[in-house]
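Below is one structure; the comments refer to it alone.
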Amino acid sequence: MNQIDYLRISLIDRCNFRCQYCLPEDAELAYVRPQDLLTREEILTLVKNVFIPLGFRKFRLTGGEPLLHPEVVEIVRDIASLSATSDLALTTNGYLLDNLAEMLYEAGLRRINISLDSLDPDTFDKIIGNRGRSRWQKTWAGIQAAQRVGFDPLKLNVVVIPGINEAEVEDLAALTIEKRWHVRFIEFMPIGNGDLFQEKAWIANEELRGRIRAKWGLNEGQVRGNGPADVFQIPGAKGTIGFISQMSECFCDRCNRLRLSADGWLRPCLLNETGQIDLKTALRQGISPAEIRERVRELIELKAEINFKLRDSGTSSGIYTRTMSQIGG
């Protein structure tokens with residue numbers, strides 16, 4: 001079994017965007033009550049006393065939108081200050097990043113992923129649900145702030161939706177030519193908006209690779225990250241292009257992560273709901289970190305059987321009960 005050493009931690013299930021593929025505007029959402037979210041202290045306890053003793057060294061803060069969490073800078077500082085932490089990253093939509101980039105960097109964050117599904121303001125606003133006001137410029141300002149502060153690598157995540165932003169693949173890939181940015185194309189998944197998934201389906205990354213290769217050529221990248229992306233590079237480019245192909249290509253045997261939701265549920269597989277365990281309730285019932293650690297160890301041992309490689313969603317109807325923002329992405 002692959003070494004499991006990477007934990008994705010959702011800080012909050014709320015988001016200031018309503019992206020079509022995640023939190024569509026017409027969806028009714030039951031947000032977690034503030035008192036039911038993991039506290040800063042509980043997150044640190046789990047990281048320090050449960051996950052690090054089990055060999056976890058890499059951590060990523062997600063959401064929802066993690067920058068909406070009032071203590072996000074402090075949580076970054078808490079985890080970054082632990083000597084066992086070898087890598088700490090954060091995924092954001094970038095909208096609030098312009099004002100927070102420097103504070104996050106000073107707190108110890110060095111890697112950041114920013115969602116950018118379009119370079120066209122109108123298309124961007126259509127995807128994120130702009131509610132009558134454009135948000136592209138402020139998001140772009142957040143990306144510029146992250147570069148200015150010194151985040152390296154700076155990664156841009158792109159979810160390609162047929163008929164909406166698929167024509168921009170080459171333009172987004174071109175961002176890597178003059179900048180040391182990493183653009184990652186992520187196949188559209190059936191979590192969050194099953195109706196849109198059924199209507200639009202998804203485009204296999206092999207097709208996108210073919211389009212980029214036809215325009216510039218494409219070399220296999222020399223550097224791999226912590227995740228499942230297959231990395232390539234346009235000849236002579238400063239940055240790289242990654243493809244996360246969770247729908248068309250099975251990468252379960254490379255999976256090295258668990259996911260902790262904002263309300264404390266530990267999930268072994270993004271696309272399979274089997275085997276989740278409630279760590280928050282265990283903590284609040286006074287169960288010791290040592291006993292919780294054993295429960296997590298048992299889940300890790302089962303992870304290879306739970307992974308999505310058999311295309312089992314772990315649901316009775318095939319419909320996921322939690323959205324991407326609730327899971328933590």
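Sequential numbering from 1, following the chain as shown.
Using the three backbone atoms N, Cα and C, a Cβ is placed for every residue, glycine included.
Of all the Cβ atoms in the protein chains shown, 22 others lie within 10 Å of the Cβ of THR91 (GTP binding site). Annotation source Swiss-Prot lists GTP binding site at ARG8, ARG60, THR91, LYS155, ARG257, LEU258, ARG259.
For CYS15, CYS19, CYS22, the entry in Swiss-Prot reads [4Fe-4S] cluster 1 binding site, with the evidence type sequence analysis.
The S-adenosyl-L-methionine binding site annotation in Swiss-Prot covers TYR21, GLY64, SER115, MET189. Reduced to three states, the DSSP call for SER115 (S-adenosyl-L-methionine binding site) is strand. On its own chain, SER115 (S-adenosyl-L-methionine binding site) has CYS19, THR91, THR92, ASN93, GLY94, LEU156, ASN157, VAL158, VAL159 as residues at least 6 apart in sequence with a Cβ closer than 8 Å to its own Cβ.
A sphere of 10 angstroms centred on the C-beta of CYS252 ([4Fe-4S] cluster 2 binding site) encloses 18 other C-beta atoms. According to Swiss-Prot, the [4Fe-4S] cluster 2 binding site annotation covers CYS252, CYS255, CYS269.
Under the heading domain 'Radical SAM core', Swiss-Prot lists 1-229, citing sequence analysis as support.
Each residue contributes its Cα atom, and for CYS15 ([4Fe-4S] cluster 1 binding site) and CYS252 ([4Fe-4S] cluster 2 binding site) those atoms are 28 Å apart.
Here the candidates are the binding-site residues TYR21, CYS22, GLY64, CYS269, and by Cα distance the one nearest ARG259 (GTP binding site) turns out to be CYS269. Relative to CYS252 ([4Fe-4S] cluster 2 binding site), the binding-site residues ARG8, TYR21, CYS22, GLY64, LYS155 all have Cα atoms farther than 10 Å away. If you draw a 10 Å sphere around the CB of ARG259 (GTP binding site), it holds 21 other CB atoms from the protein chains shown.
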